[in-house]
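Residues or ranges marked as ATP binding site in Swiss-Prot: 35, 36, 37, 38, 39, 40, 41, 42. If you look up Swiss-Prot, you'll see 3-237 marked as domain 'ABC transporter', on the strength of sequence analysis.
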């Protein structure tokens, strides 16, 4: 089932939570609403579900306007961050709950419910846990049960509000891969809220980046990461180095160094900022090209196979961070105090207008 969001706005007192949101989600797509706290992502999810009313605009499923339809009639499955399992019910009873409380005319038989719950517990790798209670389960196991319960009623749309936010990093990584695989099997239109950039990039078919109640950018994980539409998106989707300078006819002058800015070839002598991710900075002992920037090594530390190198730009108070492999670090044989050159490999230049760095 596809979702159409047209001109949705929401205000709480003087706080504008959402402003004129337009979004189309195709059938079977897994979409991440990504943004910082207060960006409006959870409010939008709750409006899609029918748990909140929009001040303006419409919500449609498969072209049918459901704006004024109650949540219980929207055929939506909802998974919360904190599981919301019934503590007094065992796993089987939790998963079966939505089926058992249906109107008598719509309620499956006891045999059908048992078959459905057994099938779902196998699907979420929790068969054998039917008689256990939530207190006897780990956080990851509880979230699997919460998802099985949401799927039991065969929703047309699955909505997840930071489903892995309360779990530790290793469990989060395992569960998001599992969710991706589960989605590929079910092909149910799904929308999940997250503030975790890695989670969105790893799981989603498409990412909707939100900020201050507006959509900053929509696209595939590769599109939003490789081609950020704004400084906010660039900064929010990972660490970044900033180079302040002047843009003139396709080049950004940073001190004595020129960085290419072909997208601004018609611009003359204005302030500009180059954005470069740490893994797009290479380090060498000698100046390899005219856009190499002199710097001094301040500090380095390894995390797994990656070494993070902090550098201070020569003649400035600005610091840079580069990410290189352990093998590259060994070959360079650099240490704190060494004078080196850093060269940006991928650069995106923005001209400040309505944003502040």
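Quick reminder: no glycine exception, Cβ is built from N, Cα and C everywhere.
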Across all protein chains in the structure, which of the binding-site residues 37, 39, 42 has the highest Cβ count within 10 Å?
39
Site with most surrounding Cβ atoms, counting all protein chains shown within 10 Å, from the binding-site residues 35, 38
35
In sequence order, which same-chain residues at least six apart have a C-beta under 8 angstroms from residue 40 (ATP binding site)?
10, 17, 18, 21, 210, 212, 213, 214
If you count Cβ atoms within 10 Å of each one, which of the binding-site residues 36, 41 comes out on top?
41
Return the average pLDDT for the domain 'ABC transporter' (3-237) as a whole number.
93
